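Novice: Got a structure for you, written out below as structure tokens; questions coming shortly.
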Amino acid sequence: MTTDTIVAQATAPGRGGVGIVRVSGPAAEQVAEIVLGKLPRVRYAEYLPFKDEQGQPLDQGIALLFKAPNSFTGEDVLELQGHGGPVIMDMLVRRILQIKGLRPARPGEFSERAFMNDKLDLAQAEAIADLIEASSEQAARSAMHSLQGQFSSKIQQLVESLIRLRIYVEAAIDFPDEEIDFLSDGKVAGDLYAIMAELDGVRSEAKQGALLREGMKVVIAGRPNAGKSSLLNALAGRESAIVTEIAGTTRDVLREHIHLDGMPLHIIDTAGLRDTLDKVEQIGIERAWAEIEQADRVLFMVDGTTTDAIDPREIWPEFVDRLPKDIGLTVVRNKADLTGEDLAPSQELGHAVYRISAKTELGLPALREHLKACMGFQGNTEGGFMARRRHLDALERAAERLLVAKDQLEIYVAGELVAEELRLAQESLSEITGEFSSDDLLGRIFSSFCIGK
């Protein structure tokens, strides 16, 4: 248990109708007596003045006192709900910090204390931040499911299955002289395959949850005047980029964040790529390449009125040579309203090819479906949970350990090695909920939270 008491504004900075200051720790009752002049009844809302050091009212509002362990943090907690002006909030926090033993809360420290006091696990704590940062209704619902423990429950079920299997395997190791060969009787293999299948299902759900949180970065690239900015505007549904007939109009990177069926898509329009003596345009082109090299997918825009080619290497071999091999490339032939070409998508020389008109939006629905498929979108995410990159990494490590355990069982019938791989898989899964996590990992996670959360 911590011995110090922390304070911070729990509501967002800025002006609002209501602002909340939260205090957590053993001195919460002392703060109440000093600032309120009395100890409020536990878990009852009382309308009281908030007093300065001279006993004069700073503000008046609702005071709520929670006693450990029945609070968000598991400690004594005092919440003061006053008027949400930034000056009032700052005065109230500074007044509380004058009390001996009080200090400002670090980012995420209230959630960290809730985790340390077993009020929620690590995945649930992260879900609080994800719920606040949700950029769509689907993302908010998924974060709420994680906060309610849906993701953690699935992980706990996997961990418990691994523990039961480990007990069985280790019993076979400890009693090798029994008439029955426990490692070869089919139970271990059957249970292991069932756990692997269950883990695959959780991994698939987690990938969808990570997509809801992180989305996909798509860069629109190509020669000047190919229609890149027009495509950005069409996908965004508004005039985000200036469009003219003058080559080189876009000189800097333009960003738009849209949602396709709830999945966030980060679209980036770049300067047209060409050799130029214009210093400003050169800077824009270098920035364009910096974005291209970090993309999840590149939409390679081609002016369909200038060439019939669909192979990007034929259109621009230097571009293909410079593009990192692990980045997906989609050829987008623009101005189909002028060329009259068939809009049917095709697969040519390892690249998807889409014919569109960014101006009239011909072919755009098919391109949107293609982008969803590139993200790995699997349809309705209702009932899913939110996941982060570290969760996917932990699930991947667990799956790798189980594959090794499968080989150790099937090829070598090595009980000790099977048990060790099961232990390592369990350890990886336990990192997700925080049952097995280093202090450094916890510090990185909670430091990314808002102050007051």
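A Cβ is built for glycine as well, from the same backbone N, Cα and C atoms used for every other residue.
Feature table excerpt (Swiss-Prot):
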- Arg22, Glu79, Lys119, Lys453: (6S)-5-formyl-5,6,7,8-tetrahydrofolate binding site (BINDING)
- 215-376: domain 'TrmE-type G' (DOMAIN)
- Asn225, Thr244, Ile246, Thr249: K(+) binding site (BINDING)
- 225-230, 244-250, 269-272, 334-337: GTP binding site (BINDING)
- Ser229, Thr250: Mg(2+) binding site (BINDING)
Novice: Provide the number of Cβ atoms within 10 Å of the Cβ of Glu79 ((6S)-5-formyl-5,6,7,8-tetrahydrofolate binding site), excluding the reference atom itself.
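Specialist: Other Cβ atoms within 10 Å of Glu79 ((6S)-5-formyl-5,6,7,8-tetrahydrofolate binding site): 20.
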Novice: In three-state terms from DSSP, label Lys119 ((6S)-5-formyl-5,6,7,8-tetrahydrofolate binding site) for me.
Specialist: coil
Novice: Can you tell me how far the Cα of Lys335 (GTP binding site) sits from the Cα of Arg22 ((6S)-5-formyl-5,6,7,8-tetrahydrofolate binding site), in Å?
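Specialist: Spelling it out, the Cα of Lys335 (GTP binding site) and the Cα of Arg22 ((6S)-5-formyl-5,6,7,8-tetrahydrofolate binding site) are 58 Å apart.
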Novice: Measuring Cα to Cα, tell me the gap between Lys228 (GTP binding site) and Glu79 ((6S)-5-formyl-5,6,7,8-tetrahydrofolate binding site) in whole angstrom.
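Specialist: Cα-Cα, rounded: 51 Å.
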Novice: Between Arg22 ((6S)-5-formyl-5,6,7,8-tetrahydrofolate binding site) and Ser229 (Mg(2+) binding site), how many Å separate their Cα atoms?
Specialist: 47
Novice: What whole-number Å value do you get for the CA-CA distance of Glu79 ((6S)-5-formyl-5,6,7,8-tetrahydrofolate binding site) and Ser229 (Mg(2+) binding site)?
Specialist: 49
Novice: What is the number of other Cβ atoms found within 10 Å of the Cβ of Asn225 (K(+) binding site)?
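Specialist: Other Cβ atoms within 10 Å of Asn225 (K(+) binding site): 22.
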Novice: Would you mind ranking the binding-site residues Arg22, Lys119, Lys228, Lys335 by how many other Cβ atoms sit within 10 Å of each Cβ and giving me the lowest?
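Specialist: Lowest Cβ count within 10 Å among the binding-site residues (Arg22, Lys119, Lys228, Lys335) is Lys119.
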Novice: May I ask for the distance between Ser229 (Mg(2+) binding site) and Lys119 ((6S)-5-formyl-5,6,7,8-tetrahydrofolate binding site), taken between their Cα atoms and rounded to an integer number of Å?
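Specialist: About 49 Å separate the Cα atoms of these two residues.
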